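Peer 1: There's a structure below that I have some questions on.
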């Protein structure tokens, strides 16, 4: 097999780090816009999610409608509609439960318990995606979680607002449910973008996400939406949130395809730090532990991606019409095919040479 040279692997690692931090900054954008919306008295998490799914519907779902053959939206719905319905339901409820948790528990609890998504992801990836981890990957995860611990400690030292404590047990339970749902959603996303296509995943997510969040919006938030006092600031905040979420959903499958859902979630641990850096003027005290936390999480992320995991090469990636970059200890199908053809050509040349030499000897 022909595997990429070290320079290519280093370049891919640097690209992965940059793309992972770009995702964190997009999440930071959603957090900052949510914070200002909450300060303005707007508490409509389902409406905000609904806007994102509508944007996905208008772009990716619409593009599926113009495809021909098996990639057409009608063909996809005939065979896999129930799968994408479950995926859409999981994603919508994961977004809703984590936002709802802020009403009942503290920010510290949410930051710590939200990390539950990583071990759940690793277990699901092991069983369903056949991903195999090495010792260094577990050490890297532990390092990242230590970074999260440093960040929580810095929050406590800085006296950062810890949110509500009206029902901590309920809030903590919602965070754990959200983490489990995110893990399921991310594993489904990784399988889909690596075995089918990014466009199909986003198109179906836009369709079913719009349907499910629209129904839930009508049931739960009709009065809250009617109570919004619309002005240019509220409109800009809604637009900023929708743009960041749309970019996050569009961009994240690319990073997942290059690495894995677990690696992406490790990189997203720095999102809270970016949110802090953006709103640092709101705090009276800044702890050096924030910088230590950022460095530790980044080191853990680099460790996780520096040593590849093993994942079987997807069988249907070529038919999806997207280039397969390969991952882990495996090489791409294109490289395997090239190696096989090269080996066949070499064998043929040797056979011809042998026959020629034998003929010359007889002469």
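Every residue, even glycine, has its Cβ placed from backbone N, Cα and C.
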Peer 1: If TrEMBL is the reference, give me the range from 263-283, 326-346 marked as transmembrane segment.
Peer 2: 263-283
Peer 1: What residues elsewhere in the chain lie close to the transmembrane segment (17-38), defined as a C-beta under 8 angstroms and at least 6 residues from its ends?
Peer 2: 44, 48, 99, 234, 237-238, 240-241, 243-245, 247-248, 251-252, 254-255, 258-259, 263-264, 266-268, 270-275, 278-279, 298, 301-302, 305
Peer 1: Are the transmembrane segment (201-220) and the transmembrane segment (110-129) close enough to be called in contact, which here means at least 3 C-beta pairs under 8 A that are separated by 6 or more residues?
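Peer 2: Counting Cβ pairs under 8 Å, fewer than 3, so no.
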Peer 1: Applying the under-8 angstroms CB criterion, which one of 50-69, 169-189, 232-251, 289-307 scores highest with the transmembrane segment (110-129)?
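Peer 2: Looking only at 50-69, 169-189, 232-251, 289-307, the most contacts with the transmembrane segment (110-129) come from 169-189.
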Peer 1: Any residues 6+ beyond the ends of the transmembrane segment (169-189) with a Cβ under 8 Å from its own?
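Peer 2: Counting only partners 6 or more residues beyond its ends, the transmembrane segment (169-189) has Cβ contacts under 8 Å with 87, 90-91, 93-94, 97-98, 100-106, 109-110, 113-117, 120-121, 124-125, 128-129, 201, 252-253, 256, 261, 264-265.
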